[in-house]
C-alpha cells in the first residue's frame, strides 16, 4: 500500500472520483465479510450456541469501529515512531482531517482510506472467535477485542503497511493482510485457547455443525467481500494491479476448493460441503498476501497447495489435543503462512513489486524476508494474546460456568435461543401488569 | 384382532400405503421414528472428524386388522417395503383385546 499524505492545495493533485468510488465500494465489500464470517462460523457450531457465535463477530463491528476512530487509525497509520508504531494528533477522533486531504499517491480522501482500513481492523479479531466457540464470557470477549486490537492489531498493521513500519521497510510483501490479518488472528487464536482450554466434551461428544447451508452462505459472502479486501488493497484502479489481484483472488479460491475436496475424497471418501466452503476460505486466506505479485497460474499453485495443506492441518488439533473449535489455526494461520511464504517462490516481479521469487530468477532473498514477516508477527501475536487472555482470565474469568456451557451459551449470555422448535410456541410472557391485549383494548376505549 | 406394526425405510412409505389400500385396509397410523437394527447407523465426516450416527430415520406404520387377515397382511407389507438392501426394517403383529371407534362407540371388529 502506498503510504503518505498529500494535500490538494499543496500538491496540486486532484481527487480521483474513479478511485474514490472504487475504494468506497471496496470498503463496503470488506464490511460484509464480518457478518459473512459470523454466518460461516455460526453454521458450524451447535444449535445451542449459534447466537453467541454470531454476536462474537458482530460485536467487533461496534467495538473496533469506535476505537479506530478514537485512536486506532492514528496508531496504525500515523507518522512513524521508531518503526514500531504510528501517531498523529489530527487522526485522533478522525477530527483533524479535511475533506480535501488525500491519502498517498492514489488521489483518494484520507477518510476513504481510514474507513477501508477500519474494515480490516474489524474482521481480524472476529476471525479469532472461531477458536473460542461455545465457551467464553461475552464481556470477557468484548474486553479481549478492545485490548487485542490496541496492543496487537494496530501496531502490527503499522509494521506491515505503515510508512516507516519495520516489516514494510524490510520489503516484506503483504498485499492485503496475510500476516497482518490472518497469521495475526491465527496466532492470537492459539494464544487464547491455551488459556481458555477445551470445550466440555471435546473429542467425546459429537459437535457437528448445526447448519451447513449457513456455512455455505457465509463462505459465499466471504468470497464476494474478499474482492474488496484484495483488489481494494491497491487503493486505486489506475494501473491494472487491482484487476490482477481480483483475478488471482478468484483463481486461487477456486483452486483451493478443488484441492481441499480432492484431498478429502482421497482421505475420507466424500466431497463434503464443509470441505468446499473451508477450501474456498483457505484459498482466499492464502492468496491474500500474494494476489498482487503472482500470475494467475501462480495463483492456481498457491490455491491448490493451501487447500491441501489446510485440509491436512485441521486434523492437528485432535493429534495435539488443543481445541481450536472451528479451525482458525488450521485455516487462517496455516493458510496465511502458506500464502506469505509462497510469495518467495511465485512472485513474478512484474506486478505489484519488482521482487522476484525463486521460480522467476529472484533467488531466496524474498523468501527470507517473508519468513521474517511470518515469524515475527506469529510470535508477537501468540505471546501478547496469551498474556492478554491470561490477564482477563485472572481478573474476571474468561470462561462461562460448566453448567451454562452444557445448557448452551446462547441462553446464558444472551437470554435468547436461535430457533423455536416448540410447535405450540412456548410459554406465557413473563411480564408484570396487564397482558398486551388488555393494554391495547384500554387505549382503544380511551 | 391383531395390531400390525411395521418399521420401514421412509422412502417405501408410499408403496406400503398403496399395498395396504389395495388389500382393503381402511385406516393406518404413521409415525416418524428413528432406530437401528443389525446394520447400525452411518458415518458422517466433518473436516476429517468422523461422527457415528447410530439412530437412522425410519417410519413406523401401525394397522389394526382382523385375525384372519393378519398373516397375509404381513406378507403384503414385507413385499412392498423390501428393497433387498440392509436396513429394510421389521414387521410384527401382536394380539389386541378390544378396540372402540370413538365417534360411534362400535366395539371389536366393527370398529375397524
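Each Cβ is built from the backbone N, Cα and C atoms, and glycine gets one as well.
Predicted automatically and left uncurated, TrEMBL annotations should be read as such.
The domain 'Ammonium transporter AmtB-like' annotation in TrEMBL covers A:22-419.
The transmembrane segment feature in TrEMBL is assigned to A:20-41 (among others).
What TrEMBL records for A:53-77 (among others) is transmembrane segment.
Here TrEMBL flags A:108-128 (among others) as transmembrane segment. For the transmembrane segment (A:108-128), the residues of the chain that approach it from at least six positions outside its boundaries are 5, 15-16, 19-20, 23-24, 26-27, 30-31, 33-34, 37-38, 56-57, 60-61, 64-65, 68-69, 72-73, 76-77, 91, 94, 97, 99-102, 144-145, 148-149, 153-154, 157, 177, 180-182, 184-186, 188-189, 192, 229, 232, 235-236, 328, 332, 385, judged by C-beta separation under 8 angstroms.
Long-range contacts of the transmembrane segment (A:140-161) within its own chain (CB-CB distance under 8 A, at least 6 residues past either end) are made by residues 1, 3, 56, 59-60, 63-64, 67-68, 71-72, 75-77, 80, 83-86, 117, 120-121, 124-125, 128-129, 132, 167-168, 172, 174, 179-180, 184, 188, 192, 373, 376-377, 380-381, 384-385, 388-389, 392-393, 396-399. Positions annotated as transmembrane segment by TrEMBL: A:140-161 (among others).
Listed by sequence, the residues of this chain that lie at least six past the ends of the transmembrane segment (A:181-200) yet keep a Cβ under 8 A from its Cβ atoms are 120, 123-125, 127-128, 130-136, 144, 148, 152-153, 156, 207, 285, 288, 321-325, 328-329, 331-337, 339-340, 374, 377-379, 381-390, 393, 398-399, 402, 405-406. Taken from TrEMBL, the feature transmembrane segment applies to A:181-200 (among others).
Residues annotated as transmembrane segment in TrEMBL: A:212-229 (among others).
Beyond the ends of the transmembrane segment (A:241-263), by six or more residues, the same chain brings 22, 175-176, 223, 226-227, 230-234, 271-272, 275-276, 278-280, 282-284, 286-287, 290-292, 294-296, 298-308, 310-312, 351-352 to within a C-beta distance below 8 angstroms of the stretch. What TrEMBL records for A:241-263 (among others) is transmembrane segment.
Taken from TrEMBL, the feature transmembrane segment applies to A:270-290 (among others).
What TrEMBL lists as transmembrane segment is A:296-316 (among others). Remote same-chain residues near the transmembrane segment (A:296-316) are listed as 244, 247-249, 251-264, 267, 275, 278-279, 282-283, 285-287, 290, 327, 329-331, 334-335, 338-339, 342, 346, 348 (criterion: CB distance under 8 Å, separation of at least six residues from the stretch ends).
Look at TrEMBL and you will find A:328-351 (among others) tagged as transmembrane segment. Packing against the transmembrane segment (A:328-351) from elsewhere in the chain are residues 127-128, 130-131, 173-174, 178-179, 181-183, 185-187, 189-190, 241, 244, 278, 281-283, 285-290, 292-295, 298, 301-302, 305-306, 309-310, 313-317, 357-360, 362, 364, 366-371, 373-374, 378: each is 6 or more residues past its ends and has a CB under 8 Å from a CB in it.
Beyond the transmembrane segment (A:371-389), the same-chain residues lying 6 or more positions past its ends with a Cβ under 8 Å from any Cβ of the stretch are 128, 144, 147-148, 151-152, 156, 159-160, 167, 170, 172, 174, 179-180, 183-192, 194-196, 333, 336-337, 340-341, 344, 398. Residues or ranges marked as transmembrane segment by TrEMBL: A:371-389 (among others).
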Which of A:53-77, A:212-229, A:270-290 contacts the transmembrane segment (A:20-41) most, counting Cβ pairs under 8 Å
A:212-229
Given a Cβ distance threshold of under 8 angstroms, which distant residues of the chain, six or more beyond its ends, lie next to the transmembrane segment (A:270-290)?
40, 44, 173-179, 181-182, 209, 212, 215-216, 218-219, 222-223, 226, 229-230, 248-249, 251-261, 264, 298-299, 302-303, 305-307, 309-311, 314, 327, 331-332, 334-336, 338-340, 342-343, 346-347
